[in-house]
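K.L.:
Let me begin by handing over the structure; questions about it come next.
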Amino acid sequence: MLAGALLPLVARSGGEARIGLALGSGGARGLAHVLVFEVLDDLGLRVHRVAGTSIGAIMGALYASGLSAADIHAHIDRLTVSADENWFRALLEEDLARTIRFLQPDLGGGGLMKADAFLAFLEEVTGREAFEELDVPLQVVATDLWTREQVVMASGDLWPAVNASMAMPGLFSPVTLDDRVLVDGGLTNPLPYDLLWDDCDIVIAVDVLGTRTPEESGAVSYFDTSFSTFQIMQAAIIGEKLRYREPDILVRPDIRDVRVLEFHRFEEIFEQARPAQTSLREELVKRLGKS
């Protein structure tokens with residue numbers, strides 16, 4: 001699904017329009033962000049700024065580092081398929097014995113695990129350590145656990161900021177940066193398109209919260225309860241933001257019944273998101289005269 005008035009775009013100061021890209025939170029469903037990157041790459045469009053929360057911060061950092069959509073897709077394959085046993089699936093199945101083997105348990109640190117190994121992988125594939133090294137300016141959103149405020153990071157060390165943005169309470173340990181205890185940015189700004197209004201001609205926001213239907217068995221797992229509650233809160237925040245002001249283009253892939261940690265279902269995620277990708281391509285062609 002895609003929303004936004006089909007109006008021609010005029011750049012503020014001549015030349016090419018400055019595109020702002022906001023990538024929302026949503027766990028595994030956020031892999032669909034790569035389909036937006038495909039459209040931008042195919043149309044030869046350069047993004048002026050990126051803002052991301054949680055999985056949106058991860059995907060935003062990959063894209064802002066200069067990786068193409070094809071590169072990112074290949075790395076998704078590597079993370080979700082190549083391993084003999086997938087730690088995302090271990091978590092999903094609540095198999096604690098397998099989870100402990102693949103993760104870095106951190107029960108004393110406020111969460112089930114730390115993300116150090118995963119972040120080291122991201123640094124390896126991007127070759128970037130700091131925001132200033134990125135090809136495209138990036139803003140990453142986290143939440144101060146004690147003041148309950150949004151924290152926006154755009155300079156300094158990149159991966160600790162991403163770590164904070166994705167630190168889902170109860171799953172990943174909080175991250176301490178500059179004497180602040182930070183957790184998942186989805187608690188305060190799950191779709192940070194408002195960060196891009198000040199100097200972008202067109203703002204594209206990608207909401208990947210998706211939808212869920214009840215299990216036929218009626219059973220509800222610990223992770224389903226925890227993550228679905230978190231998503232209800234995020235949906236309410238996004239709804240209020242949209243009441244105040246909408247982005248120029250709102251992309252909402254119709255991703256159904258994919259749980260937060262089901263990264264191994266990335267091909268299904270892509271398939272469900274294809275119609276939204278097609279709609280985005282058509283609207284950008286209309287607005288920008290690209291083909």
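Backbone N, Cα and C atoms are what each Cβ position is placed from, and that goes for glycine too.
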K.L.:
Of the ranges 52-56, 147-151, 252-256, which one does TrEMBL flag as motif 'GXSXG'?
P.N.:
52-56
K.L.:
Between the Cα atoms of Ser54 (active site, nucleophile) and Asp184 (active site, proton acceptor), find the distance and write it as a whole number of Å.
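P.N.:
Distance (Cα to Cα, whole Å): 6 Å.
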K.L.:
Would you pick out, from the active-site residues Ser54, Asp184, the residue whose Cβ has the largest number of other Cβ atoms within 10 Å?
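P.N.:
Of the active-site residues Ser54, Asp184, the highest Cβ count within 10 Å belongs to Ser54.
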K.L.:
Going by DSSP, give the three-state secondary structure for Asp184 (active site, proton acceptor).
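P.N.:
Note: Asp184 (active site, proton acceptor) is in a strand by DSSP.
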